[in-house]
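K.L.:
Take a look at the following structure, please.
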Amino acid sequence: MRNFLIAGNWKMNCGISATNKLLNGIKEITTSLPDGVDGLVCPPSISLQTAADVLEDIEGMTLGAQNVHFEDNGAYTGEISTQMLNEVGSEYVILGHSERREYFGETDKIVNAKVLKSLEDGLKTVICVGESLKERKADEHKLRVRKQVQAALTGVEDGDATNVVIAYEPIWAIGTGETATPDQAQEMHKMIRSVLEGVFNQESASKIQILYGGSMKPHNAEELLQQPDVDGGLIGGASLKADSFTEIIDIAKQLV
Ligand SMILES: O=C(CO)COP(=O)(O)O
């Protein structure tokens, strides 16, 4: 079956020294992840090399970036390329986070271009989707998320399914302390899995990890991770402390 993936999205937190401190704190608690649980940390770009160095001593925990450009190189001030991520040892890249969509104007089309480029260049993609509170209240959440998943995966081949991870992150739950209930999460993850079955063959779709993100904390992780289609978490705030992040890893371990 699918491994759990416990992923930390550090957002715009942790420069080089804070990255060193946080990852060494994690290393003091665990130097190897349990069977059935994959770990991932996604620091800001400037801290990727520092993180890569410490992660050499933490077995089963890999490195990811928070964004990438869809061109190879060139006049794109402030951007980084897939080749740069490969060089620093980043295995994953988060794409289409709602904060990038909202504050940096990323459209479904841009997200799709980034997904295709990342997969072509050997990166695993964590594709974020999720509805706003307004959309949920208007009962448009399923339609919205379905469209986001389909748009992001347009043109992705079956053979690339193993490099795709989806993160369902309802915008109203991000950084608010308000979490989707386990039933709400399961309902959406199941729907996403059915969309994936329309894009890929059934076997490939069944292997794709679907993470939940939005105020996942040690106190609510168990009930969320117990859901059959919740295969891990994309964690913001609680991934910035070694003890809460490793606590969630321990919770996943007990559910394997
Ligand atoms: O946006 C998130 C992860 O990508 C979730 O953030 P929080 O866990 O802080 O709500």
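Cβ coordinates are placed from backbone N, Cα and C, and glycine is handled just like the others.
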K.L.:
Can you pick which of Ser32, Ser194, Ser215 TrEMBL lists for the same substrate site as Asn9, Trp10, Lys11, Gly175, Gly236, Gly237?
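P.N.:
Only hit among Ser32, Ser194, Ser215 in TrEMBL's substrate site, alongside Asn9, Trp10, Lys11, Gly175, Gly236, Gly237: Ser215.
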K.L.:
Taking the recorded positions one at a time (Lys11, His97), which has its Cβ surrounded by the most other Cβ atoms within 10 Å?
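P.N.:
Answer returned by the neighbour count: His97.
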K.L.:
Return only the integer: C-alpha distance in Å from Gly175 (substrate binding site) to Glu169 (active site, proton acceptor).
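P.N.:
Just about 11 Å between their Cα atoms.
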K.L.:
Note the Cβ centroid of Asn9, Trp10, Lys11, Gly175, Ser215, Gly236, Gly237, the recorded substrate site, then list each other residue of that chain whose Cβ lies within 8 Å of it, in sequence.
P.N.:
Ile174, Ile235, Ala238, Ser239, Leu240
K.L.:
With the Cβ under 6 Å from ligand 1 as the test, give me the qualifying entries from the binding-site residues Trp10, Lys11, Gly175, Gly236.
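P.N.:
Correct list: Gly175, Gly236.
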K.L.:
Quick check for the class: what is the C-alpha distance, in angstrom and rounded, between Lys11 (substrate binding site) and His97 (active site, electrophile)?
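P.N.:
Checking the Cα atoms of Lys11 (substrate binding site) and His97 (active site, electrophile) gives a distance of 10 Å.
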